[in-house]
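Pulled from TrEMBL:
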type     : residues : note
TRANSMEM : 44-67    : transmembrane segment
DOMAIN   : 59-320   : domain 'G-protein coupled receptors family 1 profile'
TRANSMEM : 79-108   : transmembrane segment
TRANSMEM : 120-139  : transmembrane segment
TRANSMEM : 160-179  : transmembrane segment
TRANSMEM : 208-239  : transmembrane segment
TRANSMEM : 260-279  : transmembrane segment
TRANSMEM : 299-322  : transmembrane segment
Amino acid sequence: MSMNNETNGSLDGPADYKLNLTNPDDCNYFGSQSIFSTNWFRGIIYFVYSTVFVVALTGNGLVCYVVHSSPRMKTVTNFFIVNLALGDILIALFCVPTSSISTLILQYWPFGPELCPTVIYLQAVSVLVSAYTLVAISIDRYIAIMWPLKPRLSKRQAQLLILAVWMLAMVISLPIAIVSKLFQPSIQYKRCNQYICIEVWPSLENRYYYSIALLVLQYVIPITVLVFTYTSIAIMVWGKRPPGEAENIRDQRMARSKRKMVKMMVTVVIVFTVCWLPFNILNLIMDNNETLGSWTWFPFVWMILHWLAMSHSCYNPVIYCWMNARFRTGFITAIGHLPGTHRLLRRERRDNYNASLDIPLTEI
């Protein structure tokens with residue numbers, strides 16, 4: 001029976017059977033021969049992953065609060081944005097702490113057999129939910145801008161679409177939940193009664209074909225749709241008007257708001273791609289080159305790309321705060337009880353006075 005160290009969207013990483021990181025004589029201290037066991041390196045791991053954990057939970061929690069607490073923020077686009085936030089919260093809660101502790105600190109799985117398939121499954125689901133939610137937003141914006149007279153997606157329809165996104169993601173990820181289990185890769189693990197959490201596939205072919213299918217479903221198809229829709233939208237909203245065609249003030253404001261929306265969502269798509277694609281390409285390479293794990297610098301490459309993927313869960317709130325005045329005001333209002341924020345809120349409201357003359361991008 002062959003073993004998959006990590007498939008697209010799953011969690012296991014540089015374990016000793018693959019990367020030869022550990023040779024433990026003491027069952028209470030794995031990794032005694034590895035730089036991963038040094039105090040300074042573990043300090044770095046704790047700091048960078050804890051930062052992602054705190055920022056992701058705080059930022060995405062604020063996104064959900066701002067949309068829930070303000071009636072004018074309860075738009076179709078913002079429902080999708082909340083769905084992105086929920087997927088990122090899942091990553092922060094279940095994947096960031098467990099993967100960093102088990103793979104990079106302890107180098108064994110301490111969380112029990114039930115959490116092993118659950119954590120790996122939830123990561124795959126969350127990535128698919130993010131990808132398909134971005135696609136749903138882009139198609140909704142594409143229809144609204146390219147065919148403005150067509151009926152808009154209702155809030156009820158948006159909620160049903162979000163439910164369909166989750167169901168599709170759960171079905172596609174189901175094989176990962178089935179094959180993920182605890183495994184003892186070496187005699188040291190057996191002697192110490194310790195395990196790692198990996199995907200155990202019936203054959204190399206099964207592992208390879210599922211990895212390819214998941215890469216296509218997670219990235220190739222969504223990114224193709226996103227490139228087409230946002231390119232078409234950009235051509236429309238940045239296109240030149242025919243000579244002599246008049247444009248009233250409302251048209252100008254609408255065009256400005258559309259451009260802001262396009263810039264924000266394209267930024268979200270680029271960040272998603274940059275964060276997740278390198279890590280999943282690395283995993284695909286690992287599936288087809290088992291000697292890669294013996295490369296001296298591979299543990300560091302894996303750690304950097306894994307952290308980059310996990311850190312995606314905290315970037316979207318920063319993008320919304322930076323590029324959307326209403327989210328920015330909502331964030332500042334939510335933390336308004338902290339010292340020094342009252343002055344910031346007054347200044348933000350003054351800055352937003354002129355911006356309020358535009359058509360809100362969340363309502364386009």
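Placed from the backbone N, Cα and C atoms, the Cβ positions cover glycine too.
TrEMBL labels come from automatic prediction, so no person has curated them.
Not measured: the values here are computed from a predicted model.
Averaged across the domain 'G-protein coupled receptors family 1 profile' (59-320), the predicted model reaches a pLDDT of 88.
If you look at the transmembrane segment (260-279), the same-chain residues 6 or more away from its ends with a CB under 8 A from one of its CBs are 77, 84, 127, 130-131, 134, 137-138, 141, 218-219, 223, 226, 230, 233-234, 237, 305-306, 308-309, 311-312, 315-316, 319-320, 323-324, 358, 361, 364. If one looks beyond the transmembrane segment (208-239) by at least 6 residues along the same chain, the residues whose Cβ comes under 8 Å of a Cβ in the stretch are 4, 7-9, 124, 127-128, 131-132, 134-135, 138-139, 141-142, 145-146, 172, 175, 201, 255, 258-259, 262, 265-266, 269, 273, 276-277, 280, 283-284, 287-288.
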